[in-house]
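Copied from TrEMBL, the annotated features are:
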type: DOMAIN; residues: 152-203; note: domain 'Spondin-like TSP1'
type: REGION; residues: 228-249; note: region 'Disordered'
type: COMPBIAS; residues: 240-249; note: compositional bias 'Basic and acidic residues'
type: DOMAIN; residues: 317-370; note: domain 'Spondin-like TSP1'
type: DOMAIN; residues: 590-649; note: domain 'Spondin-like TSP1'
type: DOMAIN; residues: 728-783; note: domain 'Spondin-like TSP1'
type: DOMAIN; residues: 990-1031; note: domain 'Spondin-like TSP1'
type: DOMAIN; residues: 1238-1291; note: domain 'Spondin-like TSP1'
type: DOMAIN; residues: 1468-1507; note: domain 'Thrombospondin type-1'
type: TRANSMEM; residues: 1556-1580; note: transmembrane segment
Amino acid sequence: PVLLFLQHLECASSATPLSPWGRCMGSDCGPGGSQSRAVWCAHVDGWTTLHTNCDQGQRPSNQRNCFRVCDWHKDLYDWKLGAWNECMPVSGRTFGALRPFTCSGGEEGIQTREVGCVLNSDGSPAEDAICEYFEPKPRLEQACLIPCPQDCVVSEYSPWTSCSKTCGTGLRNRVRSVLVPPLFGGLVCPNLTEFQSCKLGPCTGPEGMYSLRVGPWDPCALPQTRTERQVKRRRGKGQGLRERTGVKDPETRELIQKKRTRNRLNRQESPFWDIQVGYQTREVICIHRNGSAVVRNLCTPRDLPLTIQSCVLPKDCQFTDWTDWGPCSKTCADLRSPRGNRSRIRQVLQFPVGEGAECPPLEESEWCEPQGDGVPPCSSYTWRTTEWSDCRVDPLLSQQDRRRGNLTGLCGGGLQTREVYCVQANAELLKYLKDLREKDKNASRPVENKLCEGPIPNRSQLCQIPCPIDCVVSPWGAWGPCTFENCDDQAAKKGFKLRRRRITNEPTGGPENCPHLVEAVPCDEPSCHDWQLVGLDQCIPDEEKPCGPGSQLAQVMCVNSNGEEVDRGLCSSTPVPEPVPCKVPCSRDCVLSDWTPWSTCSQTCSSKTIEGKQLRTRSILAYNAGEGGAVCPNSSVLQEVRNCNEHACTVYHWQTGPWGPCSDDPSASSLNISTVVRNRQGPCSTGMQTRKVICVRVNVGQVPPKKCPDGPRPSTVRPCQLPCKKDCIMTPFSDWTPCPVTCDAGTTKQSRKRLVIQQPSNGGQECPEVLEEEQDCELPKVCPGFRWKTHKWRKCQLVPWFLRQNHVGAQETCGPGLQTRAVSCRQLDGTQADIGECLKFAKAMPAITQRCQLPCQDDCQLTNWSKFSSCTADCVGVRTRKRALIGRSKKKDKCKNTQMYPLSETQYCPCDKYNAQPVGNWSDCILPEADRAESTLGLKVQGDIKECGQGYRYQAMVCYDQDNRLVETLRCNSHGYIEEACIIPCPSDCKLSEWSNWSRCSKSCGSGVKVRSKWLREKPYNGGRPCPKLDHINQVYEVVPCQSDCNQYVWVAEPWSVWKVSNVDLKENCGEGVQTRKVRCMLNTIDGPSEPVEDYLCDPEEMPLGARESRLPCPEDCVLNDWGPWSRCSLPCTRINSRVREAYTLRSPTVGRQCPDTSDKEPCSLNLNCFNYFYNITDWSTCQLSPNAVCGGGIKTRMLDCVRSDGKSVDIKFCEELKLEKKWQMNVSCVVECPVNCQLSGWSVWSECSQTCGLEGKMWRQRAVVQASQGDGRPCPSQMEQWKPCPVRPCYRWQYSPWSECRVESVVCGHGMRYRNLSCFVSDGSREGDGLVDEELCSSLELAVDGDKQITLKEACTLPCPGECYLMEWSDWSLCVSICVKGAGVDFGSVQVRSRAVLAQEPENLQLCPDQSWESQPCTGGECYEYKWFSSGNASRPLIWCQRSDGLNVTGGCPPMNPAVDNSSCDPPCLMPKSFCSEANICTCEEGFTEVLSLIGQLDQCAPIPILEIPTAGDKRGDVKTSRAINPTLPSTILPGRTGRTWYLQPYGPDGKLKMWVYGVAAGAFVLLIFIVSMIYLACKKPKRPQRQRQQNNRLKPLTLAYDGDTDM
């Protein structure tokens, strides 16, 4: 048995199945790794056996060294991809028999390439495994498409020409042209000409058998060497001249020398031209109609054409070798565009002369990168900005706000701007900032903005001006007692009563900005401490009697001047108040109530005319018994009045002036100065501020300071922070703008600018006034530009006489010749310049040779034509020009023939009539240009650029002459436009009314809301600011919470009236009765209720009773005082708790009578007499701005309310007493979006005209959005670009006239010339209506026709002789045709072709005919055509032709009519592509196609059978690239083809056995069959019935799991 070692992949982790080795292992990266594999012995049939059975000598190694790849190798190695090889047919790679192949669009092929792993640094090859570690190996082959052969396609024949002879046997021709050339091995073109003999009748006379034929000129040659005699003769002449010159005097000699120098200049001695005049000859022969030459005298005698002439010996252009490459234009490293250009030149040594080869390009350039190690980085450019300007609110105001006028004190959100400019970015940013901090004036120099790329920094931003907070103070408190100014120093007799108020809202800048908080009134008998009455004890009768007079002890405490309790010892100097006398009524006495409290003082101060008064009253509670009791007093004693506020009405207070500026404090220590902060914004040192403080008497004015108390005197000095000085910081001036490089006389200006980066402040150095400088441009010393200078024509050179003396009619001294001249290069100012400059920059070089004629004696000689005489007026009369005969010509009769030699010419005076008319549309409405808003340096933010108002719109004017040719508009006295005023409507903002007044607070106690509103006055239009969101009645509201003091209004009840007793027991004056009193609502102040107000302002529930019924005690009855207040129920309210009120006995009853209860009790009941309290928080207000702010930061507020358990708002003190938790934030900051109007840049400069001439030219200008609108700002207008027409300019161009007929001098046929002219044409740019105009109008244009600078005005041609067979002229280029397959998406490029067919005249000469020819060229946009067979005629003689899909009948292009079966046996014939007539006489389709039948059962078309696409091995999805075979006649552009390779599925291999995949498919089908049978069984099987409960659970479970919280489930 054959045994062999097998190797096994130890670890199947390699990327390629081709490699059986395991992974490379090792500790180090690189070549030090090792890899292993398993090796075992196996029988040839595949089973494993013992190692000893194998030859140990042949055992492969199981271990080898390898390259261990690490991640960092990724950057070192990469796959190198070779170019794809030529596309090879798939059939060429398969084995076995080739099946017949039908090409349909293209043949599938495969192309391969080399792929290998290389080291990036030097390109050396490495193991593929290294690259495979990171990336799979790229594909080595791909599918491609080889185009089908394209046969030549020709057109139909033209009609037959007429017979080539009028008698005898001639030929008729018909020709056709090539439409598509043969490509990719297609059939060659058939004959383009068909001949047919014709015979109109026998010739009666001689047939004109002979013609004189002119041959082509021979090449130019120099004459043979001159004879010695000529040399001697010339030498002798020279000696004689020298001898003769010697006689001349010195002046004459100098003149001759000058003339020689000038002549030498005029001679062609430039080193660039070596002009040698030679001669050339041509043959004139007589030929027979059959093409054979015969003796000349057989041809009709006539003047023979010239057979010898002067010519210039052709010299090819000669040039030097290329110079070395010049330096790279890129001298620095730039990652964005790393490459520059470098060029090299070569010099012309010899310019082409005559028919010599033209010069090739003398300069060439190529890409380059800067070489070397130390390549500096390129200048990069970056945007810089100036400092932000001060914040301003006025740009945010609407038109309505601006009209209100008062724009001072605006605050809140604003806008600040800055300029943006471009600088070279090689200065580091840190250095830039440091320089600025140190006030180094060398900031970066601004450059043109177009150098900077990338986004432009913002030129405006929102900012905030803090709104000043006004000081809010409380109302004045009550006047205090008379006290010493300083209790420590009580020497002075004078004192003050003070009253105070407090700051309720701290202002911006501290409490110093508040009004005075203390007022003083001088008073006498001041004291610092005094006794204050707290209450009176019960009245105790004297001598321990039960009733009668007594006294009440006063309960007092010692208080200071602020009313605070202090140690009683401090009041020791003041006597304690005495006991107050009183009376306890006896049982028969009159009983009076206690005194009411004193009313509020009627005046706050006293003067001579006004005094303050207080009142108190008491009432009768019970009358006395008839006799023996104390009688009730009369009513006047029931009321007491006393004076109050007896101090004079002279109120003093301290008044402060504003703080002065912060200035240096001379007393400041050196420590202050050392704490200077180097921050431009922060404080630099401490200074001092002072203010004026004066004592003011209210309503009088300033008084001496001693009138005011010293204690509350405000300070006059305070420390302050001095801000740093900020100097002006500017950029340096930019470079001067370049001057125009022209030599026009007009003076032009150049300018330069600089920008302010930082404005000065706090006394810093001011900015210079000059920010822009301008100066006149210097005129260039030498005007740039070059021109050719032509020198005098040299003498006309004839062919040497010894060469032409044998020619008929030749004369020695006259005849046609050639003359040359020198050409040199000059600058515009006339100085000599290098010839290369003129070649580059000047127009075409003038001719250096021309034909000339030396007149013979018999010739007529005339002067040149004079200029035309002037016309007296346009369109009137004629103008003439003249010439005259010279010398002997005057006497010759033939010269006097004015028909041959006219001596005058007349023409009508030019009639120039012009008419103007408008053309094109009106332009946009354009506003008159203000100053340029945006320079090339520094981009500013526009304020309100004028965007509306009156502007102008323009329409182009066009001017035509009387021949309807376009002329300059100046001829019509027009500046090129019609102008018409137009209006750009101004935007009008939304206009609202002013705010209404705030409504009253919605609650009189606690927290409510107040509202104010605006309503719409005018809607916005023309792009004005939009309105804020309005409600349905076009109003906008502002709602804020408000708080009403629950004690602001109080009920005040007067004392009860006297009893009105109802029973008529007037003696006793007691019993049931009624008392009344007045109850009024009064405004409550710090001093008590002051003035009555409307009753609805007080709480009706709290209103005291105005009347009461009760019993008036009779004499000897017990009398109690009024009930005291109820005690407060303890919380929480429950009926277990109760409240009580007390009364006490005023008069004891007589013995035997009882007093009623002195205490009253009632249970506590929730919301009746017992209440719980809690806080309630209001909603947030709208965002509140300062009155002077438009937008920006504001505050939203809300308020706390104390609410009783019955829902009624009560005074906040009820909640505060319970010490309830306050956990709410009452204020929160908010932002009102600022209405920023859209800000646009200025208009750019007008663009260049879109067309250099013609009617359609337009100029455009653009503007950009600098700041988009925000909030309710004015939106951006839609028009961001404008156009206007350019002035109409005529379009001039050079154009050839048609070629003339081929001219052969005075003979019938042969080699001649044809000519054409170059003329100047004018058009309006639409290529219609060209008009021929004077050549001067094209003088400024480059001499070129349709871009071709090679001007050809004459060319050689051949006039065929009678009977000659010749090539026709080239046909026109055919239409551009795409080489493609219609509907298959396969395209191999486009081509067009032209051809020359043969024309024959004589049957005998057919064998001498030249070959037909064609030439093709690539083109773009070719049409993809289909070719189909068409037939007509009867079945016995059908007519079949090929037609292109555009309807053109052609030959070639249709599919071959194969197989070769007699189609006539099928009826109708099988004309469909891919069809043939079968043996059964039925049309059927070729292999690979299926029959599609028509309704009547006939074959309609052969459709391709669908084919399976099999991508090539290793393909990723969608990564199939295709290419096509390259046709030499087409440009080799790769065009998209069909992806993948397509084969029919062949179950049998080339060896006839079934392929493996057939077994696989069969196995798969079997498994699928078993699976289907199993599924059918399971589906039909009857399931068990599960328990209902479990079923429900099972049904619910998935739902529970799947539910994701979506309510739609």
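Cβ coordinates are placed from backbone N, Cα and C, and glycine is handled just like the others.
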For the domain 'Spondin-like TSP1' (990-1031), sequence-distant contacts whose Cβ falls under 8 Å of one of its Cβ atoms, 6 or more beyond its ends:
398-400, 948, 1037-1046, 1048-1049, 1097, 1099, 1176, 1178, 1199-1203, 1208-1212, 1235, 1237, 1272-1275, 1277
Per DSSP, what is the residue tally for the domain 'Spondin-like TSP1' (1238-1291) in helix, strand and coil?
0 helix, 19 strand, 35 coil
DSSP residue counts for the domain 'Spondin-like TSP1' (590-649), split into helix, strand and coil:
4 helix, 19 strand, 37 coil
Let's see if you can do this one: DSSP helix, strand and coil counts over the domain 'Spondin-like TSP1' (728-783), in that order.
0 helix, 16 strand, 40 coil
Could you tell me the mean pLDDT the prediction assigns to the domain 'Spondin-like TSP1' (317-370)?
86
Helix, strand and coil counts within the domain 'Spondin-like TSP1' (152-203) (DSSP):
0 helix, 20 strand, 32 coil
